[in-house]
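**Q** The structure follows.
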Amino acid sequence: MAHRKLQQEVDRVFKKINEGLEIFNSYYERHESCTNNPSQKDKLESDLKREVKKLQRLREQIKSWQSSPDIKDKDSLLDYRRSVEIAMEKYKAVEKASKEKAYSNISLKKSETLDPQERERRDISEYLSQMIDELERQYDSLQVEIDKLLLLNKKKKTSSTTNDEKKEQYKRFQARYRWHQQQMELALRLLANEELDPQDVKNVQDDINYFVESNQDPDFVEDETIYDGLNLQSNEAIAHEVAQYFASQNAEDNNTSDANESLQDISKLSKKEQRKLEREAKKAAKLAAKNATGAAIPVAGPSSTPSPVIPVADASKETERSPSSSPIHNATKPEEAVKTSIKSPRSSADNLLPSLQKSPSSATPETPTNVHTHIHQTPNGITGATTLKPATLPAKPAGELKWAVAASQAVEKDRKVTSASSTISNTSTKTPTTAAATTTSSNANSRIGSALNTPKLSTSSLSLQPDNTGASSSAATAAAVLAAGAAAVHQNNQAFYRNMSSSHHPLVSLATNPKSEHEVATTVNQNGPENTTKKVMEQKEEESPEERNKLQVPTFGVFDDDFESDRDSETEPEEEEQPSTPKYLSLEQREAKTNEIKKEFVSDFETLLLPSGVQEFIMSSELYNSQIESKITYKRSRDMCEISRLVEVPQGVNPPSPLDAFRSTQQWDVMRCSLRDIIIGSERLKEDSSSIYAKILENFRTLEMFSLFYNYYFAITPLEREIAYKILNERDWKVSKDGTMWFLRQGEVKFFNEICEVGDYKIFKLDDWTVIDKINFRLDYSFLQPPVDTASEVRDVSVDNNNVNDQSNVTLEQQKQEISHGKQLLKQLKQGKISV
């Protein structure tokens, strides 16, 4: 009875799907045929969306029935589900087309007429996509069969070795499907990059169809050499990316199948065995938790005082609770305090690593390698040392060692070895309180030494101020140290740039002043004892002049004092006696040199045949020898990557995507290589340069708009720039004064006068390399560059001047001066209107 009701429900859903698909297809056909009525098209799209929603709900019902073992006929469920998914894909395509902007890059590419090769490439790509989808559908159908076999094997009555054999066979089929999908995906990607000939794919099309249609036939024989002739591994980057994607997909499929098989194996066990496995798992979890807890407990060692040893994690908390207490929590010996205060952070980290690698039970107090030093700061800014036992890594980084303290330790290690030994002998018989005070004094000296080695700051707000809480003091200290470092770097950079631009070295006037060092020391140690500061300053006065010069660091911060001492007053008059030569050309000289080089390169057609690297070398040498390019030795890193050009790229022009740039450069280079026969043959025949130039232009006129724009801005030689500009002008493109926008009028002018014109325009923007469409756009003539006849300039350079009428040239120049720029454009506009 229940089975009959379920079958009736399935039939009812099938009927609804058939009706919904019929309605959907009728709406879809009307939508595709509707091209002139946008409102009707939008209404049909909303109707399609409503029908797809209904079909999606029915598809969810079918998916639930597919996973249920009550329904035997799963093939019909799969067919109806696939028909609904096809309708969903159709609607997705309709929705994507409706969301595309009218003049986006995709729409403009669609509007262009495709050549036969592009159409063939698109057809082959669609064919490969269909084959990949068909193999995916077959993969899903086999996965359904595998799930069925797994359900049968769960029960002892239906379990058999035949099911396992079928399952393994289906998995082998799925592995072959994935391999063929990977090869087709590689071919698809290579076709998109124009690295694979569509005809090669056509040659193996029959073999691919045979595999897709007949791979499960009994007499099927697979040919694994189908894709050998396509050379799919030519692009290693694409091959690696596709292989990585399919490897992750296979791993995901294997994990899913392993999980299903493990559930099947567990279900075969008896309840008693399952309970036994659960008990063993619980015991293992408890044992692991116990081991983790034991490893986190530090081993306490013998201390020199009755007070307990403070752990690493609680050391800073104890310091915050008792600000007035001694900074050393474990009363260590003064000798150990002095030794640990001059250790570097690296040594303490090295001592920590072996202790972490050993087990907690093997850590004993007698092993000296297991002891490490934890350096921290008290609220008044003095560092202290605590001897700790090995423990696990804390959640908070162990220690708050500042970079100034670490730097001063390395300096003081060399100049205070003798004073440290005397301090050890004098303080060995003192009480613990005296020892703590001595350690405090040594740490204060360390901070003063750090201040002496730090560039002076003119901002008084960066000095350390006392605070009530330890946390706020630590934060203020960290902020001051970071600000000091940033200010020092900024000051060093400014001084370095001043040095590069000045005629005399600035280190002569930047001699260090002991008074400034004294001010830095007193500013940093406002919170420390006064007697400690005085004692350190007295020790500093007793030092020899050589040591004082070693410790003094000028505020310039870039060069050492040795360089300053090497300078002698005798060398300065020699520099003054040298004749002063101008480093840079004036603006008029620069323009004259630029025009001269431009005329020379525009008339040299053989530069088009040179590789880009040779062109760049020639241009940079010419610019450097003519003093147009700066001869200063100092250059920024980004300047080293710039290509030398006679005309720089405008400020608002950004480079396109690397793939588009590579494609444009490749097309341009192919055209340049094809000019070899034209240029060399014309020179042998001694043809006129104007005829050679016309042949060159004719060769470049086949290029697309994007390549012309790219090479107008990023080509190396002036001749290439002139060629691109000439062809763009022939196609009625007009460029703005700043060179960041180009305008192309569509149709006739709607309004014009001497100042502006109004019409429909295509605007090419160089900041993002996109074309936008503007209706009724007002174009001011003052915003455009004046029109330049590049062909006449080239010919004036190359043609012999004996046959040129000088009077006509003068008349032309007089006309250009008399007629304004707006009138010239208006005249050209009228001519264009008449031609339209």
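Note: Cβ is positioned from N, Cα and C throughout, glycine not excepted.
Straight out of Swiss-Prot:
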COILED    36-68  coiled coil
COILED    119-195  coiled coil
COILED    255-292  coiled coil
COILED    803-831  coiled coil
COMPBIAS  252-267  compositional bias 'Polar residues'
COMPBIAS  268-283  compositional bias 'Basic and acidic residues'
COMPBIAS  341-386  compositional bias 'Polar residues'
COMPBIAS  418-446  compositional bias 'Low complexity'
COMPBIAS  447-468  compositional bias 'Polar residues'
COMPBIAS  522-531  compositional bias 'Polar residues'
COMPBIAS  559-578  compositional bias 'Acidic residues'
CROSSLNK  Lys535  ubiquitin cross-link
MOD_RES   Ser303  phosphoserine
MOD_RES   Ser307  phosphoserine
MOD_RES   Ser322  phosphoserine
MOD_RES   Ser446  phosphoserine
MOD_RES   Ser450  phosphoserine
MOD_RES   Ser565  phosphoserine
MOD_RES   Ser569  phosphoserine
MOD_RES   Thr571  phosphothreonine
MOD_RES   Ser657  phosphoserine
REGION    252-284  region 'Disordered'
REGION    296-391  region 'Disordered'
REGION    410-471  region 'Disordered'
REGION    513-532  region 'Disordered'
REGION    537-583  region 'Disordered'
**Q** Restricting to the coiled coil (119-195), report the mean pLDDT as a whole number.
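**A** Mean pLDDT for the coiled coil (119-195): 88.
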**Q** Counting only residues 6 or more past its boundaries, what in the same chain has a CB within less than 8 Å of a CB in the coiled coil (36-68)?
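**A** Answer is 10, 13, 16-17, 20-21, 23-24, 27-28, 30, 74, 77-78, 80-81, 84-85, 87-88, 91, 94-95, 98, 144, 147.
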**Q** Could you tally the C-beta atoms, other than its own, that fall within 10 angstroms of the C-beta of Ser657 (phosphoserine)?
**A** 9
**Q** Tally the residues of the compositional bias 'Basic and acidic residues' (268-283) by DSSP class, grouping H, G and I as helix, E and B as strand, and everything else as coil.
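**A** For the compositional bias 'Basic and acidic residues' (268-283), the helix, strand and coil counts are 14 helix, 0 strand, 2 coil.
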